[in-house]
Amino acid sequence: MMRNKQKRFAENRERPNIFEPEKPGYEEIKGNWHDKYFENDNHITLELACGKGEYTTGLARHYPERNFIGVDIKGDRIWWGSKDAIDENLSNVAFLRTQIQLLEKFFVDGEVHDIWITFPDPRPKKRDIKRRLTSPRFLDMYKKVMQKEGWVYFKTDNPGLFDYTLEVLSDRDDIKNLCITRDLYHSEYIDEHHGIKTRFEKMFYEKGFSIKYLKFQWN
Ligand SMILES: C[S@@+](CC[C@H](N)C(=O)[O-])C[C@H]1O[C@@H](n2cnc3c(N)ncnc32)[C@H](O)[C@@H]1O
């Protein structure tokens, strides 16, 4: 198991679609994703907490005229999405290995168009509230790196995290067009699912959890 992980880490170091510490480009990519990596001006969508990157690659197949970057701290997970993208010649895909807290180190203001947050860790303990990916300081950061007309999309199986997120959003006066469903698969938003189930989505859906979904724009 350990050897597999080490092998993946070594392969990640050679993969042109992975940006991670100590690789060329990692420190210089901020503000340069369009020119230096994608070589086009197409919109950039981030998948935060991407894990194996099912949404990153899945959306990239649906939308070849857009760019997608999966962000996660775990190299052995992004290895999978990176491999799929290379095998399928998806040139509109990249992966960034970093703590999401450091997003502003990698994107200038307005460099990102949309953000998907897919099944982030619920972090139920009170002392971990600040680490939830929909807590106010994270939302402030997303707003900064995003274009104003972009959308933030959020999917979770976890009712506690979903309610918490709704509470955080209701305290803000800088969002608009909030759409909500507690049962995505039986809702009017099902087309936005694109038939892409992430690993955690599958796991929790099979355990009987409904998929909660919301999206909004900045004012
Ligand atoms: C529950 S998994 C979900 C993975 C994937 N989105 C899915 O639905 O299968 C949460 C992921 O978030 C990543 N993660 C959690 N906190 C993070 C942070 N602060 N920065 C970067 N990645 C983080 C973990 O490494 C993990 O892969």
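Glycine residues also receive a Cβ, built from the backbone N, Cα and C atoms like all the rest.
Per TrEMBL, the substrate site holds LYS125, THR198, ARG199, PHE200, GLU201; the candidate it also names there, chosen from ASP87, ASP157, ASP163, is ASP157.
Record note: TrEMBL gives GLU47, ASP121 as S-adenosyl-L-methionine-binding, and the candidate from ASP72, ASP76, ASP84 in that site is ASP72. For ligand 1, the neighbouring binding-site residues among GLU47, ASP72, ASP121, ARG199 are ASP72, ASP121, ARG199, by Cβ distance under 6 Å.
Comparing CA positions across the binding-site residues GLU47, ASP72, ASP121, the one lying closest to THR198 (substrate binding site) turns out to be GLU47. Of all the binding-site residues listed (GLU47, ASP72, ASP121, ASP157, GLU201), ASP121 has the fewest other CB atoms within 10 A of its CB.
Across the residues annotated as binding S-adenosyl-L-methionine (GLU47, ASP72, ASP121), the two Cα atoms farthest apart lie 14 Å from each other.
Annotated S-adenosyl-L-methionine site GLU47, ASP72, ASP121; additional same-chain residues within 8 Å of its Cβ mean position, judged by their own Cβ, are LEU48, ALA49, CYS50, GLY51, GLY70, VAL71, ILE100, ILE117, THR118, PHE119, PRO120, LEU133.
Other Cβ atoms within 10 Å of the Cβ of THR198 (substrate binding site) number 22 in total over all chains.
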